[in-house]
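Chemist: According to Swiss-Prot, the feature NAD(+) binding site maps to Gly112, Val113, Ile114, Gly115, Asp116, Thr136, Thr137, Lys149, Lys158, an assignment based on sequence analysis. Positions annotated as Zn(2+) binding site by Swiss-Prot: Glu191, His256, His273.
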Amino acid sequence: MNKDNHHIKVSLTNNPYEIVIGKNSLESIGDELFNIGFREGLKVLVVSNKEVSDHYGDCIIKSLIKSKFKPKLLIIKAGEDQKNQSSIDLIHNAAYEARLERGSLMIALGGGVIGDMTGFAAATWLRGVNVVQIPTTLLAMVDASIGGKTGINHSKGKNLIGAFHQPRLVLIDPKTLISLPSREFKAGMAEIIKYGVISDLELFDLLERQENIADLSNIKEKLLLEIIKRSAKSKAEIVIKDEKESGVRAFLNYGHTFGHVIENLCGYGKWLHGEAVAMGMVAVGQLAVQRGLWNEDNAKRQKRLIEKAGLPSNWPKLDIESVLSSLQGDKKVKNGKVSFVMPLKIGDVKLFNNISNKEIRECLQKIS
């Protein structure tokens, strides 16, 4: 175990685990698995996509073999349009071929899509096998890999099919961001800004003080580690309080309700998830201004930081009635009313369940 790695405990009652963050931590995956109780002869299915596997697949496999585990590597296509039952069938077929047992392990090596699909495949194979998340995108590092949400999309909406299935370990190696396309890095910054708005004013202020947060090459290693650690810790603290999203975990949906509509109506792939969330945060910021929940200055601060990160901030051209219809398909609708997480100030949000179509229509007309 690398003594330089940073450990964050996700202290759940039934399924506690750690988030391990550190440079070159990929090389110690075998040791990390041994440290949490896995032993010689363990059957492991590593699921990745070609781009990520070309960079890091060999490193993972060598570490697993060194620890006397029995790994198999499955390469599948990533991308939001691949997050479907057909991809799950591919993973399940590979699990069958690898003779995975209930004590076996799946490892998700990739971004949020790979993590979501592998997690869901693990949750549903043999009614649940172990899963480890090794996120290689910024968005997955600070959000998707932590908390046990897994799932796939349905033709009617994003993530409508899924399960809660906590990982045994989340291993984050910031060096994997070097191979990340610039647009993907910026998309991850949207989730980091989200944490600043919902719970961490100091993080928001830290990001505001930087000259450039849109380009990885301009962010010092120490700062990058600090941003990742603060964001992962924010996510972990919320998950510990509310594992199954019955209370404060809903705060993590800030910007996502509108964001999912953008992804759904524009077609998956048109906008990256983080880009859609960024536009969603600006939209719900305007909704909060309308309600008098926070002031125009805070809304402008949020929008400026989103733009500073190189993210889109203007609402796309969408038919308002189509937006209202799409919102009704959201998982968080209760009694026909759409729920929105809205900011009270930077660092504090609240869930509102009584948002009318009239308010939403007025908001969209204002920002369109």
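In case you wondered, yes, glycine gets a Cβ from its N, Cα and C as well.
From a predicted model like this one, the values you see are computed outputs, not experimental measurements.
For each feature listed, report its degree of burial, its nearest neighbours and the pertinent distances within the displayed model.
Modeler: For Thr137 (NAD(+) binding site), applying a Cβ distance below 8 Å and a minimum sequence separation of six or more within one chain yields Gly110, Gly111, Gly112, Leu177, Leu180, Glu184, Phe185, Ala187, Gly188.
DSSP classifies Glu191 (Zn(2+) binding site) as helix under the three-state reduction.
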Chemist: What is the one among the binding-site residues Lys158, His256, His273 whose Cβ has the most other Cβ atoms less than or equal to 10 Å away?
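Modeler: Per the Cβ count, the most surrounded site is His273.
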Chemist: For the recorded Zn(2+) site, enumerate neighbouring residues of the same chain (Cβ within 8 Å of the Cβ centroid of Glu191, His256, His273, site residues themselves excluded), in sequence order.
Modeler: Leu139, Asp143, Ala190, Lys194, Gly255, Gly259, Gly274, Ala276, Val277
Chemist: Would you give the longest CA-CA distance, in whole angstrom, between residues of Gly112, Val113, Ile114, Gly115, Asp116, Thr136, Thr137, Lys149, Lys158, the set recorded as binding NAD(+)?
Modeler: 22
Chemist: Can you give me the Cα-Cα distance between His256 (Zn(2+) binding site) and Asp116 (NAD(+) binding site) in Å, rounded to a whole number?
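Modeler: That comes out at 16 Å between the alpha carbons.
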Chemist: Need the DSSP three-state call for Thr137 (NAD(+) binding site) to compare against my parser.
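Modeler: Looking at the DSSP assignment, Thr137 (NAD(+) binding site) belongs to neither helix nor strand, so coil.
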